[in-house]
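*Asks:* This is the structure I want to talk about, given as structure tokens.
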């Protein structure tokens with residue numbers, strides 16, 4: 001195979017120079033390309049704990065041996081005769097659930113969008129599983145035997161042309177990485193050397209396509225483009241690791257600078273979740289905004305370099321710099337901006353760690369100090385990023401590669417406003433990293449690229465930002481609007497406020513039928529989760545402190561319990577989940593964590609907004625339901 005790749009590359013190393021406008025956009029709109037048209041379909045199935053007992057009792061009764069053997073047996077029984085491999089990112093989560101991930105193979109190559117995840121409960125029995133394995137006709141011969149496909153350089157050319165990417169490959173050469181993967185060396189315009197991988201892809205029409213997966217990190221978009229290996233001018237699907245948004249933002253825990261004053265905090269880290277503090281990686285102690293979890297700096301030109309960019313430095317570790325909302329221009333308070341961004345991101349790291357986003361779950365750290373997972377992947381935090389305005393985004397590559405958060409200046413007020421000072425931006429964007437690492441496993445960052453699954457990615461960000469900002473006197477009548485301060489508008493930037501009042505916010509599951517945009521769908525998902533939040537708070541009370549209190553591994557209040565169940569559900573659900581599957585995963589998370597003691601509170605919350613027992617997913621005609629199980633009526 002090495003010889004075949006190199007031979008094809010040598011014949012097809014065509015000069016390439018594609019020019020595009022460097023305008024950031026979630027859809028490459030500045031280059032005339034709509035990425036939504038290339039989204040993968042949400043095609044996973046999910047077998048919940050309750051469904052499995054009824055439909056697959058033999059699977060439900062599996063136990064004994066180790067969890068790897070049990071999970072492998074599930075895949076063998078459910079998919080007899082199919083070939084697959086186990087990913088190396090399986091782990092036992094903080095809730096005691098073992099999460100294992102498998103990838104379907106064909107003729108020794110991955111089917112890149114065919115995944116199977118199995119969840120083994122604390123009792124050693126199968127809790128649930130989900131999959132998107134391909135079950136259609138298989139090619140009778142391996143492509144390497146027929147040699148009827150084009151080489152990687154032609155596919156690279158096809159991806160750049162179809163997506164109008166500003167990459168110059170006039171002097172590009174191909175470097176073979178392994179049997180099926182190559183690197184394009186000598187290009188310019190991308191933030192790192194593009195890569196190619198020969199793999200299959202299951203198409204929406206039920207057939208299988210041989211593709212070159214071309215990976216290009218363009219900064220505002222980090223793309224996996226599945227180019228047909230025979231017709232290289234055809235791009236089947238595109239996954240974007242970058243999640244873009246314009247969100248409600250607030251300073252931790254203050255919603256925005258209008259609701260509080262800046263104060264000096266001393267040693268704000270939690271040594272249980274950041275044992276090296278925030279300004280050390282266990283090997284080097286820093287006197288700047290750099291540590292094990294994150295590295296923060298100015299990025300005025302919007303470029304890819306960050307190590308050499310400006311960041312405040314204080315030998316006496318006093319990161320105390322002036323800032324007021326009426327200061328202008330933004331560069332005049334860059335020290336305060338970088339410091340605030342660094343503080344907020346580290347706070348989120350520590351909180352999510354407590355809730356279960358640890359090293360083995362794929363969190364963002366340089367030094368995992370022997371706790372599992374892959375290190376060398378802190379979050380790169382770019383303050384006042386010059387690549388855009390009125391936005392923010394987060395790039396989530398697989399575990400072991402740094403995440404990248406860009407926060408911009410907002411120009412909807414005078415003077416302009418810096419979103420580093422609203423922690424909601426950081427919470428929302430960081431949550432993209434959380435959900436992309438948990439869903440499908442730490443090694444698979446492409447599980448939330450469908451329209452409904454991508455919408456949930458946005459909704460989870462809103463949910464965590466909203467739950468964290470709850471005030472001590474709030475009750476279920478509290479309404480929250482996203483984006484008031486940065487947008488300079490009391491209506492914010494969402495369709496409706498988050499509310500438990502159906503007149504204030506009428507969104508239900510079937511509202512998604514009229515939306516074809518991830519932020520709108522995300523607003524529906526967060527509206528549903530907001531009902532979950534208040535049902536659990538009404539039952540268990542609300543901890544207004546900055547961190548959860550656990551009793552036997554379970555948060556003892558409703559707010560943090562809701563956050564914990566939603567986070568656990570991310571790890572349980574299948575790759576490219578639907579609302580229905582994510583609902584079932586949250587209910588299964590509660591079954592594992594509390595033995596189902598909150599089952600009815602959860603079902604009633606989901607049913608209130610149309611995601612009850614009879615809800616069914618169809619991308620164009622979802623069916624709503626307000627029904628709950630008999631035991632909850």
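The backbone N, Cα and C atoms fix where each Cβ goes, glycine too.
The shown structure was predicted, so the numbers you read here are calculated from the model rather than taken from an experiment.
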*Asks:* Considering the residues 326, 592, which is the one that Swiss-Prot annotates as N-linked glycosylation site?
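*Replies:* Going through 326, 592 one by one, Swiss-Prot flags 592 as N-linked glycosylation site.
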*Asks:* Which residue, chosen from 285, 487, is annotated N-linked glycosylation site in Swiss-Prot?
*Replies:* 285
*Asks:* Considering only the glycosylation sites 285, 592, 621, which residue has the minimal Cα-Cα separation from residue 432 (Zn(2+) binding site)?
*Replies:* 592
*Asks:* What's the CA to CA span in angstrom from residue 429 (active site) over to residue 592 (N-linked glycosylation site)?
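*Replies:* Each residue's Cα considered, residue 429 (active site) and residue 592 (N-linked glycosylation site) end up 28 Å apart.
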*Asks:* State the count of C-beta atoms found within 10 angstroms of the C-beta of residue 428 (Zn(2+) binding site), not counting that atom itself.
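*Replies:* Other Cβ atoms found within 10 Å: 29.
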*Asks:* Let me know the DSSP-derived helix, strand or coil state of residue 621 (N-linked glycosylation site), please.
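*Replies:* Reduced to three states, the DSSP call for residue 621 (N-linked glycosylation site) is coil.
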*Asks:* Do you know offhand how many angstrom separate residue 428 (Zn(2+) binding site) and residue 592 (N-linked glycosylation site) by C-alpha?
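*Replies:* Residue 428 (Zn(2+) binding site) and residue 592 (N-linked glycosylation site) have their Cα atoms 27 Å apart.
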*Asks:* Sequence gap of 6 or more, C-beta under 8 Å: which same-chain residues meet both conditions with respect to residue 592 (N-linked glycosylation site)?
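*Replies:* Looking at Cβ-Cβ distances below 8 Å from residue 592 (N-linked glycosylation site), excluding near sequence neighbours, one finds 95, 96, 97, 121, 122, 127, 568.
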*Asks:* I need the CA-to-CA distance for residue 621 (N-linked glycosylation site) versus residue 285 (N-linked glycosylation site), whole Å please.
*Replies:* 56
